[in-house]
Structures are given as C-alpha cells and as structure tokens.
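Colleague: Checked Swiss-Prot, it gives:
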TRANSMEM  5-25  transmembrane segment
TRANSMEM  353-373  transmembrane segment
TRANSMEM  375-395  transmembrane segment
TRANSMEM  398-418  transmembrane segment
TRANSMEM  450-470  transmembrane segment
TRANSMEM  477-497  transmembrane segment
Amino acid sequence: MDGKLIAKLLLIAAVIGFCIHLATPLNEKIALGLDLQGGMHLALDVDTEQAVERKLDAMTNALRLEAQQQHLVIGTIQRRGMQILIPVPYAEEKAEFKRLMQRRYGQLELQDEQPELLVYGYTTYDIEEIKELAVGQALETIRNRIDQFGVSEPTVQKQGDRRIIIELPGVEDVDRAVELIGRTAMLEFRLVNENVSTRDALDGFLPENSEVLYQRHMDPQTNTEVDRTPFVLYRDVIFTGDRLLDARVRFDPQFNTPYVSITLDGEGARLFADVTGRNVGRRLAIVLDGHVHSAPVINERIPSGQASISGQFTMEQATDLSIVLRSGSLPAPVDIVENRTVGPTLGQDSIDKGILSVTIGMALVLLFMVAYYRLSGLLANMALLMNLIILMGLLAYFGATLTLPGIAGIILTIGIAVDANVLIFERIREELRRGASPRLAIEEGYAKAFSTILDANITTLIVAVILFQFGTGPIKGFAVTLSIGILASMFTAILCTRAIYELILVYKPIRKLSI
C-alpha cells in the first residue's frame with residue numbers, strides 16, 4: 001500500500017470521525033427552523049419618512065428654544081412637510097439667524113430665502129442617511145426587546161432598504177410578542193398648558209404651541225378603553241426616552257398595583273431637576289406613544305432623576321413596558337406587513353413527513369444503485385452515507401438552522417451525490433468496453449468524469465450562493481444545505497469511492513469489475 005492511499009484513507013477517516021463528533025447528539029446540535037418546531041414569522045416595514053419628520057420636529061423645537069435664548073424677534077418656527085419655515089420680519093434678525101444656523105446647525109441647508117422668510121431642510125443625501133440609520137436603530141432596538149423577552153435562537157435581519165424579518169421559534173403568546181416588537185415606545189415629558197381650558201381647546205380655541213392628547217382609562221378585565229381624559233399639552237418636548245438609564249417594575253403597596261420606575265442619565269437628571277425646580281405647582285405630563293399616562297403636579301424640585309409611570313397596569317403589561325423602555329424607542333413606527341404563525345403540531349407533522357421523505361428517497365436510491373451497478377453501486381451507497389454524515393456534521397459546525405426547504409435541499413443533495421457516481425461509473429463502463437483493465441478503467445473513468453462533475457457542481461454552487469445572498473429565512477436554509485451537500489458529494493464521489501476501489505485492488509487483484 002503506497003503512501004498516497006494511506007493519506008487518503010486517513011483523511012477520509014478523520015473527516016468522517018470529526019463530522020460524527022460534531023453532529024452527535026443530532027437533536028441537540030442542529031437547531032430546527034420555524035416551520036419545523038413552530039413559532040412566529042413577522043415582516044415589518046419601517047416608516048422611514050416619519051423618521052425624517054421626527055428629526056425635523058426635534059430640530060424645529062431646538063430652533064424655537066435657541067431663538068428664545070438668543071432673544072431673536074421672529075415668528076413661530078414650524079415644520080411643513082420636509083422643510084422648516086422660519087418667519088423673520090426684520091433684516092437684522094434675519095442676518096443674525098442665518099449666522100446662527102451656519103454656526104450651530106450646519107446639517108441644515110438654506111433651501112429658499114424670501115424677504116421675510118427662511119426655509120431650511122436636509123439635503124437628499126442627509127435624508128437617505130437618516131432613513132438608513134432609522135432602519136439600523138429599529139433593527140437593534142427590536143433585537144434588544146426580543147433578547148429581554150427571552151426567546152431562544154431568534155432571527156432578526158434586514159431585508160432590502162426598510163424591511164425587517166423576524167422569526168421567533170417556539171413563541172406561544174403571539175399577541176404579546178407582536179405588541180412588544182411593534183410598539184414605538186416614544187416616551188416624552190411635556191408641561192400641561194393650564195392657561196387654556198380643555199373645553200376651549202376641544203372647541204377649536206387652541207394655541208399654535210399646544211395640542212390635545214388623551215389619557216386612556218382601560219378595563220383591566222378586557223383591556224379595552226372605557227373612557228379617556230383630554231389634556232392640553234405644550235408641543236415643546238422637555239426631554240425624551242433617550243435620557244432613560246433604566247426602567248424597572250415596582251409594586252405600590254398602597255393601591256396594590258404595579259408601576260414602572262424610571263431612572264434618568266446624568267443629563268436627563270439635570271434637565272429634570274431644572275424643569276421641576278422652575279415649574280413647582282404646575283403639572284408635568286408623561287406621554288408614551290401619543291397617550292398621556294399620568295400628569296402629576298410638581299410639588300418640589302426633584303434632583304434624583306427618578307420618576308414613575310403609573311396606570312391601570314397588569315403585571316404583564318408593566319413588565320412589557322419596562323422592557324420596551326429599557327431597550328429604547330423605535331426611531332419610527334413599524335407596519336406589520338406579514339404575520340405567520342406555525343403551531344408546534346404542524347411543525348412536528350412537517351418533521352415526520354420530512355424524515356419519511358428522506359428515508360424513502362434514500363432507500364430507493366440505494367436499491368437502484370445496487371441493482372444497476374452491483375458491487376460498485378454498493379460502494380456508491382457507502383459514499384452516500386458518508387455524504388449525509390459530512391452534511392450533518394457541517395450543518396452543526398456552522399450553527400445552521402434546519403428548515404423544511406433545508407430538508408428538500410438534503411433530498412436534492414442525495415440526487416446530486418448519486419449523479420456524480422453515475423457519471424463516474426458510466427465512464428468506467430466505456431473504458432471496460434474498449435478493453436481496458438479494471439485498474440486502468442477506474443483511473444480513466446475518474447479522470448474523464450472529473451471535469452464534468454466539477455463544472456456541474458460549480459454552476460449549482462453559484463446558484464446556491466445567490467439564493468443565500470438574496471433569499472429570506474427558508475430560502476437561505478435550502479441554500480445552506482444545498483451548498484454543503486454539493487461540497488460533501490464532490491468529496492465522497494471523487495475521493496472516497498476511488499480510495500475504496502484502490503484499497504480493494506491492493507488486496508485483491510480484480511480481473512472483472514462488478515459494475
């Protein structure tokens with residue numbers, strides 16, 4: 001036995017042994033996909049237009065505050081569409097404001113200038129950058145929420161420019177998961193405008209700097225709205241949930257109800273202390289997603305940076321609220337464009353049918369190869385079993401998730417592996433018909449079939465890579481198993497079966513090849 005053959009046999013034994021080690025025990029090493037173990041699939045679209053509008057709203061509020069601090073005599077700054085309109089009736093104020101914009105707000109460009117009006121906005125490049133950043137922030141925020149929700153092996157990935165795909169295996173409370181993921185959680189602190197009665201505001205007598213928001217009163221049994229209270233709030237946001245450091249569920253022993261205690265960061269605590277110190281006796285509203293949760297009276301300056309959000313919460317609702325506040329608000333609302341739920345019973349049924357399909361397909365192929373190619377068919381069957389071992393080992397090594405399309409990829413891999421052996425065996429038969437000896441026929445058969453097998457597998461591999469790059473979860477699962485299967489089939493068909501032939505020829509010279 002020469003050194004090359006020994007090296008081949010050692011390599012084959014090492015690869016097979018390593019793959020058996022990787023894939024054992026199989027049920028622990030290979031994770032099942034959503035369609036096999038049950039769970040939820042969501043497709044979300046991020047409203048990137050609103051992300052830009054929110055950015056402009058924040059900039060508008062900042063400019064109003066800046067104008068007040070600089071004592072500039074100008075009109076009411078407001079956003080209209082994707083532009084900020086700044087009325088400037090006096091030439092001096094206009095020049096001063098333009099200098100201020102260049103010095104402090106260089107990210108905004110002057111898009112139009114009239115005698116008594118300045119129009120600013122973001123460039124097209126900046127708008128696209130804001131949109132891209134919004135999707136990235138939404139992706140990270142949703143990941144954080146899911147991590148705190150406690151789902152094992154979730155999939156959260158971006159698709160296209162604004163879509164986010166989420167797969168949550170094993171989730172049972174679907175409604176709660178959807179609420180937790182899709183909630184914007186925009187937390188704002190605003191002062192109540194007590195100079196205007198709610199009746200006047202509802203009748204249309206509302207100052208430009210104010211708006212009406214409602215506090216909802218929910219039925220704790222049915223979780224439906226039974227009443228709501230209007231509040232007139234200043235549009236200016238004192239600060240948002242960006243200043244939030246922590247949010248925890250606490251229990252109020254006096255009323256026997258849970259509430260959410262929030263802790264602000266250093267800058268947030270400073271702002272909170274300043275606002276509460278300057279507005280003792282006034283009401284400060286805590287607004288979440290456009291609804292007033294509470295509007296307590298400020299009794300004294302609060303330097304601790306601690307506040308609480310109370311309401312008619314159940315323990316589960318308070319827990320979910322603390323999760324979304326800790327993970328941060330979404331930079332823009334998200335729309336659920338697809339919501340699919342697979343029950344565990346259906347998933348188990350898919351597993352059973354998938355195993356049955358692989359078993360039947362494998363058995364038919366094994367029988368055909370032995371019946372048609374006799375002893376050589378038996379060698380091909382050994383290579384096919386090695387192929388499956390390598391496939392499972394590499395799936396476990398790469399942490400791939402096995403899906404129903406992935407099982408289809410395994411079945412297709414069986415066909416590809418057999419196809420390579422069929423090409424080799426037919427070439428060997430051609431050489432035998434020409435009168436070549438078994439040894440020479442085997443050498444020539446493998447040599448002449450190699451380029452055909454390589455070309456066919458490379459083209460299939462290219463397609464699999466494209467499917468993986470541009471496909472979603474199930475398609476990616478198919479592409480992964482197909483890619484690994486192609487590589488495994490080339491290894492087993494070209495190297496393993498030939499090494500076995502060579503080993504047989506070393507110990508028993510063959511006059512007639514069983515093929």
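Glycine is treated like the rest: Cβ placed from N, Cα and C.
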Colleague: When you look at the transmembrane segment (450-470) alongside the transmembrane segment (375-395), do they share 3+ Cβ pairs under 8 Å, ignoring any pair fewer than 6 residues apart in sequence?
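Modeller: Contact between the transmembrane segment (450-470) and the transmembrane segment (375-395): absent, because fewer than 3 Cβ pairs are under 8 Å.
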Colleague: Would you kindly list the residues that approach the transmembrane segment (5-25) from elsewhere in its chain, counting only those six or more residues past its ends and only Cβ-Cβ distances under 8 Å?
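Modeller: Distal contacts: 386, 389-390, 392-397, 491, 495-496, 498-499, 502-503, 506.
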Colleague: Are the transmembrane segment (477-497) and the transmembrane segment (353-373) close, by which I mean at least 3 Cβ pairs under 8 Å that are 6+ residues apart in sequence?
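Modeller: Answer no: the transmembrane segment (477-497) and the transmembrane segment (353-373) share fewer than 3 Cβ pairs below 8 Å.
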Colleague: Who are the long-range neighbours of the transmembrane segment (353-373) in its own chain, taking Cβ under 8 Å and residues 6 or more past its ends?
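Modeller: Apart from its flanks, the transmembrane segment (353-373) reaches 36, 380-381, 384, 388, 404, 407, 410-411, 414-415, 418, 421, 425, 515.
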